[in-house]
Amino acid sequence: MDYWRDCSGRTGSGRALTNGNAETRKRGNATQHGTDHPGFRDSAIPRLRDAVRIGVLVSGHGTNLQAILDACARGEILGRVAVVVSSNPKADALERARRAGIPAVALTPRSFPDRATHDARLIEVLQAHDVSLVCLAGFLRILTPAFIEQFRGRIMNIHPALLPAFGGVGMYGAHVHEAVLARGVKVSGCTVHFVDENPDGGPIILQAVVHVRDDDSVESLAARIAEVEHRLYPLAIRLFAEGRLHTHGKHVQIARDAYELVRS
């Protein structure tokens with residue numbers, strides 16, 4: 001059985017996450033939907049009465065995008081996907097967005113003189129759709145500091161390993177699973193984290209463990225981890241949308257009344 005694990009190290013075999021009390025709870029001088037980290041601004045985090053408008057950044061097939069769309073359609077997330085932006089004009093994810101009636105925009109990097117110009121345009125697109133949370137879903141570009149500052153504390157990513165292991169520049173997709181199998185570790189999994197200037201180094205929100213089998217291939221391990229990703233990412237977004245995440249530096253605390261996690 002896979003076990004859900006958050007950054008505090010606690011685990012649960014998972015009952016359905018309850019709605020709990022939608023009222024913001026105070027912790028000292030800060031609230032659960034905010035953070036005391038100097039780089040994160042309380043005012044940037046949506047209040048519980050606001051539905052989160054999600055901007056999803058993609059480069060490929062968009063399976064995590066589909067998981068987010070499905071969770072929104074089921075009413076599990078207090079919000080909706082407002083726009084999908086791809087760095088690859090041929091990405092399948094764009095068609096997924098169009099089928100769902102969601103604006104789909106391709107911003108090809110080679111069409112811009114530099115990363116700064118590309119990301120400035122990306123900011124414009126997201127702001128035009130009033131995006132309050134940016135979710136990276138297989139987005140194969142490193143964001144500029146200017147972009148991160150614009151949405152600081154409101155950018156999530158999912159990584160197919162248990163960070164901080166097997167993360168950083170060059171560690172994405174099959175490269176991660178190849179490294180995991182080559183190292184001979186017994187467990188892998190996935191991590192949802194906030195994005196900062198350090199690739200795969202932002203505050204960890206949720207992690208889920210997947211056991212590595214002796215006969216695993218890159219493909220078989222990737223497939224099992226992907227199944228877990230498709231549950232974990234919507235859950236992290238739900239916690240954000242309900243104001244149940246509170247960040248202290250590199251640590252993300254989850255409201256206690258939200259600590260019943262989805263059964264694998």
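Quick reminder: no glycine exception, Cβ is built from N, Cα and C everywhere.
Unlike curated records, TrEMBL annotations are generated automatically.
Summarising the annotation, TrEMBL assigns region 'Disordered' to 1-41.
If you look up TrEMBL, you'll see 53-237 marked as domain 'Formyl transferase N-terminal'. If you take every residue in the domain 'Formyl transferase N-terminal' (53-237) and average the pLDDT, you get 98.
The N(1)-(5-phospho-beta-D-ribosyl)glycinamide binding site feature in TrEMBL is assigned to G62, T63, N64. Shown in sequence order, V84, A91, D92, A93, L94, R96, A97, A137, G138 are the residues of the chain, 6+ apart in sequence, with a C-beta less than 8 angstroms from the C-beta of G62 (N(1)-(5-phospho-beta-D-ribosyl)glycinamide binding site).
According to its DSSP assignment, R141 ((6R)-10-formyltetrahydrofolate binding site) is coil. Residues or ranges marked as (6R)-10-formyltetrahydrofolate binding site by TrEMBL: R115, L140, R141, I142, L143, N157.
The Cβ neighbour count for H159 (active site, proton donor), using a 10 Å radius and every protein chain shown, is 24. Annotation comment: TrEMBL describes H159 as active site, proton donor.
Over all protein chains present, the Cβ of D200 (site 'Raises pKa of active site His') has 22 other Cβ atoms lying within 10 Å. Annotated site 'Raises pKa of active site His' per TrEMBL: D200, in sequence order.
Least packed by the Cβ count within 10 Å, out of the binding-site residues T63, N64, N157, is T63. The Cβ neighbour count for L143 ((6R)-10-formyltetrahydrofolate binding site), using a 10 Å radius and every protein chain shown, is 24. Apart from the site residues G62, T63, N64, the chain places the Cβ of V58, G60, H61, L65, Q66, A67, A93, R96, A137, G138, H230 no farther than 8 Å from the centroid of the site's Cβ atoms, the recorded N(1)-(5-phospho-beta-D-ribosyl)glycinamide location. Residue pair D200 (site 'Raises pKa of active site His') / H159 (active site, proton donor) shows a Cα separation of 8 Å.
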